[in-house]
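Visitor: Below you will find the structure I want to go over with you.
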Amino acid sequence: METGRIIKGLSSFYYVKNYEDNEVYECRARGIFRKDSISPVIGDVVEMTVVDPVTKKGMIESVKERSSYLFRPPIANVTKALLIFAVKSPEPNLSLIDRFIVLAERERLDITICFNKVDLDTEGKYEDYVKIYERAGYTVIAASVKHDLDFQKIKDEFKDNITVIAGPSGVGKSSLLNKIDPKLNLKTSQISEKLQRGRHTTRYAQLIELEENALVADTPGFSSLNLDLIDEVELKEYFVEFHEYDHECKFGFKCIHENEPGCKVKQAVLDKEIPNQRYESYLQLLKEIRSDKKRRY
């Protein structure tokens, strides 16, 4: 058997780049996967049998252990999350950024946030967004496709990583990738002026090789976050700026930073050491987790 990585999934077919010859094989998965309720996903490292070396057909025999797993869309072994939001057209949804951050932190991914279309922000509001997330310790890049701003910085983020690009449609994800590597020629979307939303231009999940050891996941409809697997006690762990205050709370690590007396996180918000926007996002997600739990039980 030979080893490779799934770079694209389409219907019941998996396209595997074989480590032995660097060729891509069209594969199906053995029936044993259905029996064991296992579904191979893009990013998986698999063992495969070559069925026909001429037509590049193969059969996936097993899936190796995953280092990370994203559920929506399903992607395995991601190491970095690049969150792309526009500063204008459409307006940035900071609460959605925070939801993506929670998902990425849960999987222990390295996180970079890119604010695109800064050329449209004549008031310089994006600088406030940058400060919020830099204070939390994240790498933040301000970019503009139109003015070729900071593309090398973004390209450097992909090196030695499998990167998932997350963000709503219409923010310039495909345009950014096309600028980094024009050979990709990815389809870009247009913004609906009435809805201020872009049309999804990615129809299936795939891994794109920008250069050697630099893979990026181009995924359809990556615009929501499933919180089912996160409980209310766990959530605070994914707001990293809370960590330095946790141990100072009256109730220590048992404090959820909501209504408890002597909460140092709440005090840090009042003292403007933690941005109020981030704390409000935390409370919003906490409420949602509790509501989902009630519906399930």
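Backbone N, Cα and C atoms are what each Cβ position is placed from, and that goes for glycine too.
OK, TrEMBL features for this one:
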type    : residues                                                                                               : note
DOMAIN  : 67-225                                                                                                 : domain 'CP-type G'
DOMAIN  : 76-223                                                                                                 : domain 'EngC GTPase'
BINDING : ASN116, LYS117, VAL118, ASP119, GLY167, PRO168, SER169, GLY170, VAL171, GLY172, LYS173, SER174, SER175 : GTP binding site
BINDING : CYS249, CYS255, HIS257, CYS263                                                                         : Zn(2+) binding site
Visitor: By DSSP assignment, list the helix, strand and coil residue numbers for the domain 'EngC GTPase' (76-223), in that order.
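Guide: Secondary-structure composition of the domain 'EngC GTPase' (76-223): 44 helix, 42 strand, 62 coil.
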Visitor: Return the member of CYS249, CYS255, HIS257, CYS263 nearest to ASN116 (GTP binding site) in space, with distance defined Cα to Cα and candidates limited to these binding-site residues.
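Guide: Ranked by Cα distance from ASN116 (GTP binding site), first place goes to HIS257.
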Visitor: What is the Cβ neighbour count of CYS249 (Zn(2+) binding site) at a 10 Å cut-off, with all protein chains included?
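Guide: Result for CYS249 (Zn(2+) binding site): 21 neighbouring Cβ atoms inside 10 Å.
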Visitor: Which number gives the other C-beta atoms within 10 angstroms of the C-beta of SER175 (GTP binding site), all protein chains shown included?
Guide: 18
Visitor: Using only C-alpha positions, which one of CYS249, CYS255, HIS257, CYS263 is spatially nearest SER175 (GTP binding site)? These are the binding-site residues in the record.
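Guide: Ranked by Cα distance from SER175 (GTP binding site), first place goes to HIS257.
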Visitor: Between CYS263 (Zn(2+) binding site) and GLY167 (GTP binding site), how many Å separate their Cα atoms?
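Guide: Cα of CYS263 (Zn(2+) binding site) to Cα of GLY167 (GTP binding site) measures 33 Å after rounding.
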Visitor: Consider the binding-site residues CYS249, CYS255, HIS257 and say which one has the Cα lying nearest the Cα of VAL171 (GTP binding site).
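Guide: Spatially nearest to VAL171 (GTP binding site) by Cα position is HIS257.
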Visitor: Of all the binding-site residues given, namely VAL118, GLY167, SER169, LYS173, which is spatially nearest to CYS255 (Zn(2+) binding site) at the Cα level?
Guide: GLY167
Visitor: To the nearest whole angstrom, what is the C-alpha distance linking SER169 (GTP binding site) and CYS249 (Zn(2+) binding site)?
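Guide: Distance (Cα to Cα, whole Å): 40 Å.
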